[in-house]
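*Asks:* Below: one structure in structure tokens.
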Amino acid sequence: MAAPSRLLIRGGRVVNDDFSEVADVLVEDGVVRALGHDLLPPGGAPAGLRVLDAAGKLVLPGGIDTHTHMQFPFMGSRSIDDFHQGTKAALSGGTTMIIDFAIPQKGGSLIEAFETWRSWADPKVCCDYSLHVAVTWWSDQVKEEMKILVQDKGVNSFKMFMAYKDLYMVTDLELYEAFSRCKEIGAIAQVHAENGDLIAEGAKKMLALGITGPEGHELCRPEAVEAEATLRAITIASAVNCPLYIVHVMSKSAAKVIADARRDGKVVYGEPIAASLGTDGTHYWNKEWHHAAHHVMGPPLRPDPSTPDFLMNLLANDDLTTTGTDNCTFNTCQKALGKDDFTKIPNGVNGVEDRMSVIWEKGVHSGKMDENRFVAVTSTNAAKIFNLYPRKGRIAVGSDADIVIWDPKGTRTISAKTHHQAVNFNIFEGMVCHGVPLVTISRGKVVYEAGVFSVTAGDGKFIPRKPFAEYIYKRIKQRDRTCTPTPVERAPYKGEVATLKSRVTKEDATAGTRKQAHP
């Protein structure tokens, strides 16, 4: 990215997660240099200073999408939005950073997967990014590579799949080992929470019944499958006192499990996504196959139409914590790989461009949350959990100048005809959203303004993340100090101890005689 010019964002309402104030924001060398009133020098702007008028608008920290899959090779295809097109679309929606996933095959090297994803992303990204790394199998090699990734590669989060049997799924014992390792090295464990065994059996049942269309995808992965795995993951994480992050929370029942666990004091965070907050699974029964197929994702959207409203309420009240998109897009011809078998439809939907507007519409415009909570769930909480704060997720002196000038009264209609993503379908088609990004600034450079991009591939950069994020590990460390079980001190037992005798039955004795007679 070229050296950014000096910027003065003047007269807007600066919104952080904990307060709002009308103020000017001075940006220099890619970071916020000053925040206050009347920062414009007398006599007007000096040479080299560009003034952006934000009067009547909101000035927000750039969004952080915690969950994307750009150009992901999956289910026989590759997601159509690559790191260039996907991050460019993100900027147009007010998101200035994504966290993608490096996912090795079973038996593959985590470090090699990480380097592969870096080689794909670094030349293409238009905004800053980081990487989670998936643990798809377990061995001493995996254990050692996790440590190397944390110490040398800037990774502090690892994802485990409880679904996708025979592809990415790990066992409960492997979860226990991976969670234990995450805690040792100061990372946060993430899980895709679905019962993979039940899904596999459910899919066989649906196909045997002649159900081959997209509706079969949801029917074989009901809410209970997600809720059971969510509770199981929380139970295992609690057993080793490891912080846990549940990705793409899609159902009311799974969300309730997380909410209950948080109220019980568990260190667990839930991530609903734009799709689960903005639409529902009734689309799987649409008469147009391509329409239904474009909504197929895992876990699936839920057919209960009250689900988005329920999840938004929990998000507004801190039972759920962050928002991602699970942006993993496939065009219609790619989805058609499963035209005769729903298990072969590549899983994934859009969202990276529309997340901020959808959450504003469904959350703030509806009255469920205020502007500060919006900033928390779209940016700040993610920055805190993944140890990017206050460099990211806040407008403050010294923070990266990732900033969005937001028009809360403006509206836009979402459509595949006008969006900037490569995919030819949009699950939010026709939704009218209040809340529109007017200007997006990435590390001090105006990269999107009034529908025009000023960015090229490679302008973004990889952001390393350190382990032991205080936001999540302060409680973990204190619990280790004060809550570790200790033995009861008691006098040794000095009484009689019974002698165990071998119980040999008549049948056992006869069998033994036969074995001796017939060696």
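Placed from the backbone N, Cα and C atoms, the Cβ positions cover glycine too.
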*Asks:* Let me know which member of K153, K159, K417 Swiss-Prot also records as binding Zn(2+) 1 at the site of H67, H69, D326.
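*Replies:* My reading of Swiss-Prot gives K159 as the candidate in that site.
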*Asks:* Just to be sure I read the record right: K159, H248 are listed as binding Zn(2+) 2 in Swiss-Prot. Which of H192, H217 is listed for the same site?
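*Replies:* Among H192, H217, only H192 appears alongside K159, H248 as Zn(2+) 2-binding in Swiss-Prot.
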*Asks:* Which residue does Swiss-Prot record as phosphoserine, given the choices S79, S306, S366, S415?
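*Replies:* Annotated as phosphoserine in Swiss-Prot: S79.
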*Asks:* Which recorded positions are spatial neighbours of D326 (Zn(2+) 1 binding site) here, meaning Cα within 10 Å, out of Y164, H248, K256?
*Replies:* H248
*Asks:* Find the one among the recorded positions H67, H69, H192, K256 whose C-alpha lies closest to that of N347 (substrate binding site).
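*Replies:* The answer is H69.
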*Asks:* Please report the DSSP secondary structure of H69 (Zn(2+) 1 binding site), reduced to three states.
*Replies:* coil
*Asks:* Within 8 Å of the Cβ centre of K159, H192, H248, which other residues of the chain have their Cβ, at the recorded Zn(2+) 2 site?
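*Replies:* Surrounding the site, in chain order, are H67, F161, Q190, V191, A193, I246, V247, D326.
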*Asks:* Within 10 Å of the Cβ of D326 (Zn(2+) 1 binding site), how many other Cβ atoms can you find? Include all protein chains, please.
*Replies:* 28
